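Quick notes on the structure that follows.
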């Protein structure tokens, strides 16, 4: 390795190395490599008995190689003449290429004259290798000349930063800053170009991070240096200036190392390196448990698997013992760890029983499935433990900062020091939780971003504290105030970046489940505080509820931006709007009234029931949002504890409960349906699969049309959605909990069917074709009939009886009838939509009009969906029923219309 220190520029370069570090060199070298390889491979089958002679193809290829090399020489000469750096090395490299080119030309000519000679082929291959090495070295030298140019610019910036830090007067400071800014901008452009060309992803990330720090911190160094000059007696300003200068030095080193594609001396230069350790360990463990029984050896596999599992359990135990982990969550993690241990022992026993066999037995396959399920359950509890931390820590993240700033503005240095400790602990907690979220995430790119953001937040924390201490020392100083505002803004911006990054690597389903439980806890604390007349506790807890609700709304709204607009997003956004526009204002009003009543002397009476109702509505609003978000999840994606097990156990212990029949006899009808025996569940699943086929037909039908001017399509979608909820109920899933909910849903379908009947008859009345008219009326009669059937079947009697010591669940026949009626209705709706369109076209042809012009019925093809500029990747998206806009296959209107050609026969 040669280190060139020209003008204190640390230029690391190994003259013997032919390692290609940039994409540009690869691109330039590729055509020549292809041509040389093609020439070398010409007639490569060895000696031939055919008549010897000249090879036209070889001569042509040799000429093309010669031409390509001449192009390199021409460019190389130009680079060597124009380059300010490595001039001698470049000239020598060009001459070496010219020499190797002549040798290659001679060897290729001889080979072309006698392509069957192995000796001449060998000579040409050696000449080709030497030529490629010479050209590669020339390109690498040219590349390093560019790097040297960047390092010279980097040295200018580094010197400028030092001059800015050491400026003795404000005038000198202004001059130095004005001179430095264009140099930093120039460096940023050069570094960005280099970043794009680097082959190694780690070096690209390192360059990007260093550029960001440089761009952000140069203006801050100017402000900090200015404050030092105006208030030389305030030590906090000097400390801040030195911290920022140190960060800039690290950024300069980072750019230098990344540009030369060398390893960093400091691990902190790679804040985004690595993935989720615990997630990786669990994934690796899941792979390790699958072994060929023929090669299984207990002595080899048992210690290895047990050691891996204990390492995972140690990581899980650390998470369980953390301060933010709830007691019930800690117990569940411990239980899952024990279950995983037991599952591993059972699996190893099965492997021992299968040792030496060619194929795995059913018992062994079951043990593997059980082991995988237990690790999946442990993952789920760890994810939710992380979400406990995220939900608590990333709540009202600006409060410690605002308190610190307020104390600084008042000039109270003692308070500032106290609040600085609180602020530091808060920052450390954010960083700790962010790293916890990383440990259980499989999103490698997301983890990099979180760790990079956390690293920058950690560096910013002492700077914010120093700015507050400086303001407390000079509270009247305008510069001190501006300095504080600058750091406050930087902190808030960085926290937002970290929050969004953490949200990207965590599951929205886990977030909503945990937020729902936390809000329920807080709601009950609020009620208790009200009953105990604890004003501070009431106000503080109510603030936490408002913060949690606002966070839920923000996260869910951001998530919906990733989906194409449709029924699903409309329902979710409708639930968020209800919470933000109606529920939360009412809750805030009740809290303010309660605080005012309790704070007055003497305390004024207030309506406790009103407060409890407002609090309950907050919980219900969060729950409704969560149910709306989960509507598109498949049963496999939903947690076992999503509704039943957590819901009823938790709510039965609380002081705030809804007064519906969901808790009568301890279980809802939906929960009872979930307890059906496997045989009966299989029968229902068969019916549901048949129903899903009809639903797919309806989805295909309505997706063709723009529903903005067509109430028939709108009604069809609504009926489909409600029928899906009803069939989900029969499987113990979905938002409908009891028979009363199902009956209510059936009534809604009947109302929609009645409206569709009215619209359909209007179309039929205008249709001149009697056959089409009769078909449409027949389908409308079917809708009325099946709506009536569905209404009858909706009265599902789900009961649990104890017969002979065995629990027997009734209601299967009713459930089967319900699904069958829904399937029949779905089919009738599909046929009605088709017949309505056909009848409309007949009317158009008869009257010679562009459209039917009926109110609320306009048949227009649905416009292609807009695609987002940036697609956010999500894991396990393949099973999602509603696809992302960027993934959805759009239907060709001409193709869609062609499907109606057969409809004339209806």
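In case you wondered, yes, glycine gets a Cβ from its N, Cα and C as well.
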_For the annotation region 'Interaction with JUP and CTNNB1' in Swiss-Prot, which listed range does it cover: 97-148, 253-304?_
97-148
*From the ranges 833-863, 864-894, pick the one that Swiss-Prot records as region 'Disordered'.*
864-894
*Measuring Cα to Cα, tell me the gap between residue 295 (phosphoserine) and residue 634 (phosphothreonine) in whole angstrom.*
38
*Taking the region 'Interaction with JUP and CTNNB1' (97-148) alone, what is its mean pLDDT?*
78
*asked:* List every residue in the same chain as residue 297 (phosphoserine), at least 6 positions away in sequence, whose Cβ is under 8 Å from its Cβ.
replied: 355
*Could you tally the C-beta atoms, other than its own, that fall within 10 angstroms of the C-beta of residue 295 (phosphoserine)?*
10
_Neighbour count (Cβ, 10 Å) for residue 634 (phosphothreonine)_ = 10
